[in-house]
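Written below as structure tokens is the structure these notes are about.
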Amino acid sequence: MGASARLLRAAIMGAPGSGKGTVSSRITKHFELKHLSSGDLLRDNMLRGTEIGVLAKTFIDQGKLIPDDVMTRLVLHELKNLTQYNWLLDGFPRTLPQAEALDRAYQIDTVINLNVPFEVIKQRLTARWIHPGSGRVYNIEFNPPKTMGIDDLTGEPLVQREDDRPETVVKRLKAYEAQTEPVLEYYRKKGVLETFSGTETNKIWPHVYAFLQTKLPQRSQETSVTP
């Protein structure tokens, strides 16, 4: 299989809008590893009505955060199926208790931290507007409507999702920072934190790629389909 004999245990961290999803999918495309998104895992369990999915849904329905022990159970249960693979966790651990619980089960080798200035993220996230009737999405920077605030086809007004409003974005970013700073510090002290800073995903990616080349076998061209 190449690289080292020991399998890689890694996690990726980054604020909402940091490009974490894009970087994760590129990592999965280029390297031999399993990508485990805690958000996808949660949705899948809720959809299938598993015991832990039902439990998690009760918190979500009440507008509460899912407790650390529930998220930890969810992820550790899934990781049992991935013991023979290199893996990359995405969206977990999000808090210090989650990181400590993960540590008791697995030795984490690398934590990739995408450090994108909050101002850049705020611009990215608040640039999105939608046409409620059709679900058409516009981005003020990349594909703006012909007339500001108006849907191209119907002439109806565009709206901004609650999540994309500047005040909501700022609140989410501050909450992320408060929650994850202790986690980053925890991994920094362990000497496994690798921070990649920048304002554009396409400029950050080559550095992440070069770093992972030293840690992981690459997919051969014939098998480079996403697992």
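Cβ coordinates are placed from backbone N, Cα and C, and glycine is handled just like the others.
Of the residues Thr50, Thr199, Thr201, Swiss-Prot places Thr201 in the same GTP site as Gly17, Gly19, Lys20, Gly21, Thr22, Arg128, Tyr138, Asn139, Arg161, Arg172. Cβ neighbour density within 10 Å is lowest for Thr22 among the binding-site residues Thr22, Ser38, Gln98, Thr201.
Residue density at Arg94 (AMP binding site): 18 other Cβ atoms are found within 10 A of its Cβ, drawing on all protein chains shown. A straight line from the CA of Gly17 (GTP binding site) to the CA of Lys80 (N6-succinyllysine) spans 30 Å.
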